[in-house]
Amino acid sequence: MAKMSALSIFAIFIILVLVIFEIPEIEAHDSECLKEYGGDVGFGFCAPKIFPTICYRNCQKDKGANGGKCLWGEGGKVKCLCDFCSNESFNQFISLT
């Protein structure tokens, strides 16, 4: 029975190590997917009433991306991030709050 318990503990330890080493790869994947379109693009580029946003359309047209997401910062600053991995048009806004 003690042999089975030691084997179970070893298996759990190996699984935890694999999970811990996998986490940085997931974070790096996001940075590879989202590339900035170019500086503070302003409110009109990401106006919520326009669907899909100009950011989304221009990222597809100008950069060859699958789409674009708007990142709203403090003081009304807006950045457009071109998304090269996902083409979900329903999730176009990222909030820092």
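Cβ coordinates are placed from backbone N, Cα and C, and glycine is handled just like the others.
A disulfide bond in Swiss-Prot ties Cys80 to one cysteine from Cys55, Cys59, and that cysteine is Cys55. The record in Swiss-Prot lists a disulphide bond between Cys70 and one of Cys46, Cys85, namely Cys46. Cβ crowding, taken as the number of other Cβ atoms within 10 Å, peaks at Cys80 among the disulfide-bonded residues Cys46, Cys80, Cys82.
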